[in-house]
Amino acid sequence: MADTREVVDDNESGSDHWSYQEPSRWWFTSAAFPMIAATLGPAASTFSICALVKPWRQHLPPGATIDTASYIDDPPWLTAINATQLGIAVLANMALFLNMSRRVSFTIAQPITIVGWYISSFALIALTATASGPLIVEPAAELIWSQAFYYAIYAAVLYFLIASLMLLTYLSALTGHSPKDFALTASQRTLMLQTLMFLLYLLIGALVFTAIEGWSYLDGFYWAAVTLFTVGLGDFYPTTPLAKGLLVPFALVGIITLGLVIGSIRSLVIDRGKTRLGARLLEKMRRRTLKRIRQRGNVEILVPHRHDPALTELERREREFALMRRVQTTTARRRRWGSMLVSTGSWLVLWLVGAYVFQRCEEPYQGWNYRDSFYFAFISLTTIGYGDLTPISNAGKSFWVFWAMTALPTMTVFISDASDTVVRLIRDGTDWVARLTILPGEDSFRKDLKKFLRMLSFGLLLGQDVKQARDGQLEDPRPGHPTSADTRADEDETPELLRNNIPDPEAAVPYMPSADQGFSWLARAEEGARGTHANAEPTKSSRSQSPSIPFTFPSTRQDYLITLVNEIRRVTRHLKRDPPRKYSFREWAWYLRLIGENEADADMHRRPKLGPRHQLGDSQSSKRQHQPPQQDMGPARPNDGFDWHKQQRQQRTNSLELGQSPQPANGFA
């Protein structure tokens with residue numbers, strides 16, 4: 001137990017462990033928060049513009065309608081302060097964009113952005129509080145607030161939110177938890193620019209159709225939002241020939257732009273966020289698994305084996321690999337269903353709370369009850385838009401625009417999570433039923449039935465009978481014989497056989513034969529670790545493998561470099577596969593062997609050989625470094641300044657970022 005704790009603690013204190021967690025731990029402050037702020041900043045400024053174009057008060061005498069209610073001019077000081085805060089907010093937006101484009105330094109731009117948005121938020125809060133108190137005119141029963149007043153409230157909320165997010169980002173950068181330069185990708189910047197262009201298009205389109213149809217500008221803005229969000233409530237529609245003609249290009253361009261925004265949201269919030277969140281959840285699951293193993297006392301899988309004739313170090317690492325695979329599978333399933341639960345809850349909150357707000361807004365004017373607003377919110381969220389119920393109050397129209405913009409990313413994430421869970425479950429279930437009835441697959445009926453029962457029981461039944469293929473599909477491989485068409489089609493992408501020390505990139509790849517037909521470096525290492533048991537019967541674990549690795553390790557530097565280039569090219573193709581390719585343990589061990597590690601040697605796990613010019617800086621790392629025998633390392637390390645340690649760390653970093661190459665072998669040992 002003491003040895004195990006020493007091994008695990010040594011692992012978890014290493015730089016590789018923290019580099020594995022750090023990107024996901026502070027990703028929100030370094031990338032997500034700035035991206036959200038840069039996206040919502042223009043939306044808040046859009047609402048500020050709507051709050052400035054019209055007075056905040058209207059006079060509604062008895063018997064009149066909201067459309068005929070006259071505006072009450074605002075005091076000049078209120079308009080001046082409102083225009084000033086809008087200018088400050090635009091300046092804060094520009095400072096953030098210039099900082100992201102690295103035109104202005106972080107220490108100058110971020111205080112301007114944060115202080116500017118806080119000033120705009122507090123100014124709008126003060127103005128709305130003043131308007132709802134001292135500016136009330138008599139008779140108070142005939143005074144109503146215009147749409148501009150409510151847009152000012154929404155802008156104040158958004159300014160305060162994004163200023164707080166950027167404050168957290170600024171503090172994390174000052175404390176050294178995240179870099180001062182935003183780690184934004186091209187797709188993230190594209191999302192921000194697409195959102196800005198869409199909002200400008202919405203404002204300009206509202207201005208044009210307002211001038212043609214004679215609407216109020218805020219009614220035109222509400223109509224433009226209803227149109228481009230493809231809801232089509234029918235309360236406002238073009239009546240003149242010119243407006244009908246302009247509607248065609250306006251709607252086409254606007255809907256396409258909105259589709260691009262939705263695609264960018266899905267790519268960033270789901271795909272990239274899923275990778276970061278998945279890495280963090282995987283690390284937590286790994287820690288819990290280690291703790292559970294310690295508590296149960298079943299620690300032999302964690303202790304390196306150097307002199308145990310019953311279990312070689314290679315077999316122990318293979319068991320460890322399988323355990324980490326189960327951890328990855330469980331983590332991925334929990335992440336998918338956890339995301340589905342969160343997105344479903346967010347969608348329900350948006351639906352139910354939105355229905356309540358609509359009911360309170362429309363009850364004085366149309367007598368809506370909660371059932372009516374519940375129905376209206378649903379047909380708006382799903383873009384059905386029958387038009388039998390529409391908001392007519394100033395509060396209802398303005399809230400619909402704010403609520404619809406909030407619903408856009410929520411619905412995008414909800415639909416994507418549903419496709420990864422519920423839709424996927426139904427699709428897989430339909431496929432299995434088809435295999436068991438009228439459309440048999442490539443495997444036998446018995447094997448398909450076992451897989452189906454295992455899927456229904458989430459791995460509780462027949463979990464040991466069904467193995468996982470290297471391509472991520474369930475299969476029961478036999479030595480020397482691939483069992484699926486996908487595996488056979490992928491033979492040209494597996495590590496290749498070195499014939500006469502000259503690799504052939506286009507040659508077909510044979511599977512490794514049994515021990516009596518040939519010897520690989522893994523077989524020799526396994527025999528050496530067994531000692532007197534070198535001729536023992538192969539274990540079940542080794543028989544179940546169908547490795548496709550070379551027979552021999554390159555013996556010269558030239559052959560090694562050629563092999564390394566070919567394998568890098570092959571792994572690069574693997575990274576583009578969807579679903580991601582999953583490697584077998586033998587393949588994983590082969591690739592680690594190419595970068596200087598040896599899964600069959602307990603002294604060489606995660607410790608490649610370094611030359612004198614590339615020794616680790618700290619004394620502790622130098623003590624931990626082991627020099628393996630030259631015959632086990634293959635070719636000598638080039639003396640041209642190539643850093644093996646940096647290559648290894650960069651490969652692991654790229655694997656984590658892309659979320660496709662597995663991390664089982666460095667998960668526990």
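Note that the numbers count up from 1, one per residue, in the order the chain is shown.
Using the three backbone atoms N, Cα and C, a Cβ is placed for every residue, glycine included.
Automatic prediction, not curation, is the source of TrEMBL annotations.
TrEMBL lists 469-479 with the feature compositional bias 'Basic and acidic residues'.
Among the features that TrEMBL reports, compositional bias 'Polar residues' is placed at 538-553 (among others).
Residues annotated as compositional bias 'Polar residues' in TrEMBL: 617-630 (among others).
What TrEMBL records for 650-669 (among others) is compositional bias 'Polar residues'.
The residues of the domain 'Potassium channel' (197-269), classed with DSSP into helix (H, G, I), strand (E, B) and coil, number 58 helix, 0 strand, 15 coil. The domain 'Potassium channel' feature in TrEMBL is assigned to 197-269 (among others).
Sequence annotations record features per position, and here TrEMBL assigns domain 'Potassium channel' to 347-422 (among others).
For 469-496 (among others), the entry in TrEMBL reads region 'Disordered'.
Per TrEMBL, region 'Disordered' is recorded for 527-553 (among others).
The region 'Disordered' annotation in TrEMBL covers 603-669 (among others).
What TrEMBL records for 26-53 (among others) is transmembrane segment. Within its own chain, the transmembrane segment (26-53) has Cβ neighbours under 8 Å at 79, 82-83, 85-86, 89-90, 92-93, 96-97, 100, 113, 117, 120, 124, 147-149, 151-152, 154-155, 158-159, 161-162, 165-166, 168-169, 172-173, 177-179, 182-184, 188, 191-192, 195-196, 199, 202-203, 217-218, 221, 268, 273, 276, 398, 402, 405, counting only residues six or more beyond its boundaries.
Under the heading transmembrane segment, TrEMBL lists 77-97 (among others). Using a Cβ-Cβ cut-off under 8 Å and counting only residues 6 or more beyond its ends in the same chain, the transmembrane segment (77-97) has close neighbours at 34, 37-38, 41-42, 44-45, 48-49, 51-52, 56, 104, 108-110, 112-117, 119-120, 123-124, 127, 130-131, 135, 152, 159, 166, 192.
Per TrEMBL, transmembrane segment is recorded for 117-137 (among others).
Only residues 6 or more beyond the boundaries of the transmembrane segment (149-171), in the same chain, are considered here, and those with a CB under 8 A from a CB of the stretch are 29-30, 33-34, 36-37, 40-41, 43-45, 47-48, 50-51, 56-57, 82, 89, 96, 110-111, 113-114, 117-118, 120-121, 124-125, 127-128, 131, 178, 218, 394-395, 398-399, 402. The transmembrane segment annotation in TrEMBL covers 149-171 (among others).
Taken from TrEMBL, the feature transmembrane segment applies to 191-209 (among others). A Cβ distance under 8 Å defines the sequence-distant neighbours of the transmembrane segment (191-209), meaning residues of its chain 6+ beyond its ends; these are 35, 38-39, 42-43, 46, 49, 97, 100, 215, 217, 220-221, 223-225, 228, 238, 243, 246, 250, 253-254, 257-258, 260-261, 264-265, 268.
Feature annotation from TrEMBL assigns transmembrane segment to 246-269 (among others). Sequence-remote contacts of a segment are chain residues at least 6 beyond its ends whose Cβ falls under 8 Å from one of its Cβ atoms, and for the transmembrane segment (246-269) they are 35, 187-188, 190-191, 194-195, 197-198, 201-202, 205, 208-209, 212, 224, 227-230, 238, 408-409, 412-413, 416.
Summarising the annotation, TrEMBL assigns transmembrane segment to 337-358 (among others).
When Cβ-Cβ distances below 8 Å are used as the criterion, the transmembrane segment (373-392) is approached by residues 66, 226, 229-235, 347, 350-352, 354-356, 358-359, 361-362, 365-366, 399-400, 403-404, 407, 411 of the same chain, each at least six residues removed from its ends. Looking only at the domain 'Potassium channel' (347-422), the predicted model's pLDDT averages out at 93.
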